[in-house]
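To keep things clear, I will list the structure first and then write my remarks on it.
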Amino acid sequence: MTWRSPLALVRDALRGQRARRSDLRSLESNLPYEGLGKARQPNRHFPGNAIKTTKYTPLFFIPMNLFEQLHRWANVYFVGLAFLNFVPVVNAFQPAVALIPICIIMSLTALKDAWEDFRRYQSDRKLNNMPCFIYGRKEKQFVERRWKDVRVGDFVKVVCNETIPADLLLLHTSDPDCVCHIETANLDGETNLKQRRAVPHVCISDPELDPESFGSVVVCEKPNNNLNHFKCYVEKPNKERVGAGIESLLLRGCTVRNTDHAVGFVVYAGHETKSMLNNNGARYKRSKLERKLNTDVIFCVILLVAMCLVGAVGHYLWLLSLPAAPPYLIPQGGPESPSLTSFYMFFTMIILLQILIPISLYISIELVKIGQVFFITNDIDLYDEETDNRMQCKALNITEDLGQIEYIFSDKTGTLTENKMVFRRCSIGGNEYPHQENAIRLAVFDEEESEEEVIFNQRTPPPPAGWSLDAEETSSGYAQHQRCSKRQGSGAAFSSPLETEVIPDRKLLQQISGAPSGGGPYLDFFLALAICNTVMVSMATTQRQRVRRLSQACPTKSPLDSLSNLLKGAGSIKNVFTSCRHKPKRRTHPDNAVIEEVQFSPHANTEEIGNTKGVRARSPRRGPPTANLDNLCYEAESPDEAALVYAAKAYGFVLLARTPDRVTVRLPSGEDLAFEVLDTLAFDYSRKRMSVLVRHPITKERVLYTKGADYAIMELLGTPYAEHLSGNQKAIATDTQHHLNSYAKDGLRTLCIAKKVVSDSVYASWSANRQRALAAIDDRDKLIMDTAMQLETNLTLLGATGIEDRLQDSVPDTVVALREAGIQVWVLTGDKPETAVNIGYACRLLEEEDLVINMSCRNKVTCTSILDCTLEEVRRYSSDPRNVDTTQAISLVIDGHTLTTALSPDLQDRFVDLARRCRSVLCCRVTPLEKSRVVKVVKEKLGVTTLAVGDGANDVNMIQAADVGIGISGQEGMQAVMASDFAISRFKHLKKLLLVHGHWCYTRLANTIIYFFYKNVAYVNLLFWYQFYCGFSGTAMIDYWLMIFFNLFFTSTPPIMFGIMDKDLSAEMLLGVPELYKTGQGEGVYNFTTFWVSVLDAFYQSLVCFFVPYLTYQDSDIDIFTFGTPLNTVSLFTILLHLSIEIKSWTLVHWLIMVGSVALYFIVTLIYSATCVTCNPPSNPYWIFQSQMADPMFYLVCIITTVIALLPRYVFHVLKNSITSSALMQAKHLDRLDPSSRDQWIKEWRSLRGGGQVGRPRLPTPPSPTLETPVDVYPPSPTTSDVMGDDFTLNVFSKKRPSHT
């Protein structure tokens, strides 16, 4: 090793610090410097790839762990008192004995920390020693090394199904198109494959990469935890810069799939990789109960100080009353003044009465929460068999908050709905195609178990291409196929039969068949559906190894064949509908006349089958067999994209292959078109659209296909009524807008499809700007967005699509139950207001009798006047004597622009005041940031407990902003689940999670905490009352070892089991009467009153437990411990029987714990009294307990004292439950009935209490807030359009809304 001067080492360390803090890093290859010293390595300033997540080392574990534990002030308090007991003038017990309780508690915590840290060490060692391939200059090849050997600047080779060891800039792959497929499940939970492409024009040694020829410099941003963004460029030796982004970065922890091998350049290693920067450990949230607990602990400290002051003053007065200081109180240094002695006595009293602060409370709460989480996660009702997922708990410390929720903020798509997008309708060139046949297929889809399944019992193999509706063909059962498909699955995301199978519209098929071969709006429309996406294509036979393959017994079946079999088996749709009438549950389509007419003129390229009941569209013979098309596997990042690709496939526009540079689509004619991809303008929440720029293989034109939100696309046309549009184009835009409104009213998700032909000059100018933006580091995202918006102008509208996202099971019931439980439900969605309102009625967020306030304004002045006017009328309604006993059936619908205005600082209070008076709120067109802002504003302004539930990455901010975040493991990956506190599989599980487990967790823990405070106050007061008879000298009449055992063993287990297993009501009762949940909201069970009542009860019981034995043994000659033994025993019986009164449901476990605690007390005390001869000089408890048990007076004292102590509490419970019976007690009486009688009583009780019925509000007609913005009160109307005024509407609906399935 070369010797270096200290100055050089310091200089190098400072350079390294500057290099790591710099915003940009310049990285070179390590190969030219291989074998040289560390000082000559170009990337020596950056950390290696070895990781260390442990907190401790074996040598420094004890001091570091002690330091960690002393961050809790409770531990500091007890440790300080233990050491204070070593001071002779203030000690109350033997110094060593005083350390035992805190040592036991801290030792248990240290063992837990040591075990967790050892597991982290094992995980680190396993990761650091995983094998990988690093290029060696000496070996001239990739050699096997360990992950810990990887350095920044190395060339690493990763093979298929291997985990990536560091963040690599992809330079070369085995794929001819330089594409690498990765799975990011370890990072974000998404199982669909993602495509990464090598940095273009950098690898010049194809087909194999020669790392030694790499002479470029990689310049990248400093490490950050953003998994979706990466800024970098590669500067070649000729100073040419090539931009690279996240699409060229292989992240540590991802797995390579469907690619033989890939070679990358290490840019980040070890703790600087994005995966490690995102590994922040468990989040810590403080529950509302915990905050209240800390407040009450402070009250206990104040009470302790007051009692100690009483003891100090009492000792001072006692000393003054004596003619001379007693000899047993004179210290070795001589007599001291009463004032100084009283000052010392203050600290002695703190040591004596220290257990007033419950030392075991915190660890007991942790044990209770662990037990509660165990029962929640193992609840079979919260298990989803379809996804094989059960309830997950990621935050142990906020389980009790589930019982105090007052506001729920929910996403719509994937949370209330299934996020299984089903193609329903489309509009092309201003013509609407309703797809009635597909609607019937969807109506039949859910009825697998019905008797009509016999209709779908045979099928023929599908035709080579196109679609067939042939009544003479037979095939295997459609329902059998559906069940097989659901059971087996394809392994790809968004690939259930509900999503993949689309029956084409007959009229649209005719249009496509008659369309000119050169193009037309129909060809462009379906080409846009097939091309404008990021869907990846693979063969079902080459899927990644972890995916289960399709069973040969469950072949793919075309949806149109299913309808064909339906016609075959039933004779006609009419017969099917007739047979369906016997099944009320079966849904039928309202219009079947269209389906009965099955004949149309085929195109010249199709072949007619010789019957008039159906026509088959058949491809030319040069087309490949359909079996190959059936083996295609589409992997999409969003269900919308998958639905559109499958819709295009249904019409013969089959996406065959996708690479970064090329997309291949097969036309209905069988011809394959390979489009050169010039650029992809990815979707973002600002633009609300995505585009793909391709070169048409026939016309050689550069065509931009765009799809996105309807308003985002229409704005690029200039609006449907723009003057610059031609007459035909204006008519198309107007008709399409009409169709979009119709789709939205039906609750469909809408997208617009458009195109643009880009000229050579425009493309040349734009491409130069685009390359500069991609190579930029500063403001790269903004520059890229600007270039996208620069090209996406003057679009030609092709059409629109309507996609159905069905509600999940039991969503309406869950929403109603949550509302009846006193929880205000808000839905925050990015959908159009019309779509959101339709879903709102379908899920019963909005009711028919609701007064719906629709807020939509264009400026702040209008918004202010609307808020003021509406608030005035709502307040007038609340103060109306006629509405005193009615529930305010008011709902608010507000769009994103108005919401942003209403959340401005000067309008926040008014908006929140209005919203809190509404039963439900529906926010439309909101962004992810607006979602989180709404949650924060409501939580801060109203001081309520909030819960946010979502399923996608766009819900993460909202989930983390709420007091309780719940993620739904749905179709959009696991980002929401990974960021949440709890994870469920279905929205309906929220009902039992809150109403049952939330109620149980809160009431159990609240009562447990109250009991702990009562127990400690009652026990420590025995010592306090004794001070009045011992001159406040700090003497204890109970042996200190028994005092330690009393809290650690004799009375610790029963309250823990009480907190884990007690049930005040059954799950059936809590679900049947959601109003019972309200007992936990607001102050709940654990409040200021219940705390101080328990403390006062503890004072009373301690007085009884002390003075009854005292009066019994008064003027006797018993010694101090003989007097303390019945006190200790009576206190045990009183404390345990007090808990017995509070226990609502007795089980075998409760009996065993209670009886076992009493038995343990007698056994341990008897053994201790028999063996402790000189363990506590000068007074020893030897044989005292045995003598007491031989005295009948002992038993009489125990019985009388316990009865007198508990009699007031028992009488209070009896009177409260008999005279002023609460809702919980009434429900408990009903719970004791047999199930049938209980259910009948629940119905009657709910009808008497209103049963969640909401009275229709009597709201007077409000005046207009401004002249330009009138406020209209519409008459009752059954249409959704009535609630969607331009600025502001107030509507009352009385007719039933259309259901949304």
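Heads up, the Cβ atoms here are built off N, Cα and C, so glycines get one too.
According to TrEMBL, the feature domain 'P-type ATPase N-terminal' maps to 42-97. Look at TrEMBL and you will find 96-115, 293-318, 343-365, 1026-1050, 1091-1112, 1118-1139, 1151-1173, 1193-1212 tagged as transmembrane segment. Summarising the annotation, TrEMBL assigns ATP binding site to ASP411, LYS412, THR413, GLU641, PHE683, LYS707, ARG749, THR829, GLY830, ASP831, ARG925, LYS931, ASN954, ASP955. TrEMBL lists ASP411, THR413, ASP951, ASP955 with the feature Mg(2+) binding site. The active site, 4-aspartylphosphate intermediate feature in TrEMBL is assigned to ASP411. According to TrEMBL, the region 'Disordered' annotation covers 605-624, 1250-1286. Residues or ranges marked as domain 'P-type ATPase C-terminal' in TrEMBL: 977-1220.
Feature annotations (TrEMBL) mapped to structure.
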| residue | record | Cβ within 10 Å |
| --- | --- | --- |
| ASP411 | ATP binding site | 29 |
| THR413 | ATP binding site | 26 |
| PHE683 | ATP binding site | 19 |
| ARG749 | ATP binding site | 27 |
| GLY830 | ATP binding site | 23 |
| ARG925 | ATP binding site | 22 |
| ASP951 | Mg(2+) binding site | 32 |
| ASN954 | ATP binding site | 21 |
| ASP955 | Mg(2+) binding site | 31 |
Same-chain residues at least 6 beyond the ends of the transmembrane segment (1151-1173) with CB under 8 Å of its CB atoms are 1039, 1041-1042, 1045, 1049-1051, 1053-1054, 1057, 1125, 1128-1129, 1132-1133, 1136, 1139-1140, 1180-1186, 1189
In the domain 'P-type ATPase C-terminal' (977-1220), averaged pLDDT is 91
With the cut-off at Cβ under 8 Å and a gap of six or more residues from its ends, the chain residues touching the transmembrane segment (1026-1050) are 92-94, 97-98, 100-101, 104, 311-312, 314-315, 318-319, 329, 345, 348-349, 351-352, 355, 359-360, 1016, 1019, 1106, 1110, 1120-1121, 1123-1125, 1127-1128, 1131-1132, 1157, 1160-1161, 1164-1165, 1168, 1172, 1175-1176, 1181
Comparing 343-365, 1091-1112, 1193-1212 for Cβ pairs under 8 Å with the transmembrane segment (1118-1139), the winner is 1193-1212
Per the Cβ filter (under 8 Å) with a sequence gap of at least 6 from its ends, the transmembrane segment (1091-1112) is approached by 296, 299, 303, 1010-1011, 1013-1015, 1017-1019, 1021-1022, 1024-1026, 1029, 1123, 1126-1127, 1130-1131, 1134, 1138, 1193, 1197, 1200-1201, 1204-1206, 1208-1209
For the transmembrane segment (1193-1212), the distant same-chain contacts (Cβ-Cβ under 8 Å, at least six residues beyond its ends) come to 1097, 1100-1101, 1104-1105, 1108-1109, 1112, 1125-1126, 1129-1130, 1133-1134, 1137-1138, 1141
Rounding to whole Å, the Cα atoms of THR413 (ATP binding site) and ASP951 (Mg(2+) binding site) are apart by 8
The DSSP breakdown of the domain 'P-type ATPase N-terminal' (42-97) into helix, strand and coil residues is 24 helix, 0 strand, 32 coil
Cα-Cα, ARG925 (ATP binding site) versus ASP955 (Mg(2+) binding site), nearest Å, comes out at 14
Of the binding-site residues ASP411, PHE683, ARG749, GLY830, the one whose Cα sits nearest to the Cα of ASP951 (Mg(2+) binding site) is ASP411
Whole-Å Cα distance, ASP955 (Mg(2+) binding site) to ARG749 (ATP binding site), is 18
Span of the recorded ATP site, as the biggest CA-CA distance among ASP411, LYS412, THR413, GLU641, PHE683, LYS707, ARG749, THR829, GLY830, ASP831, ARG925, LYS931, ASN954, ASP955 in Å, is 24
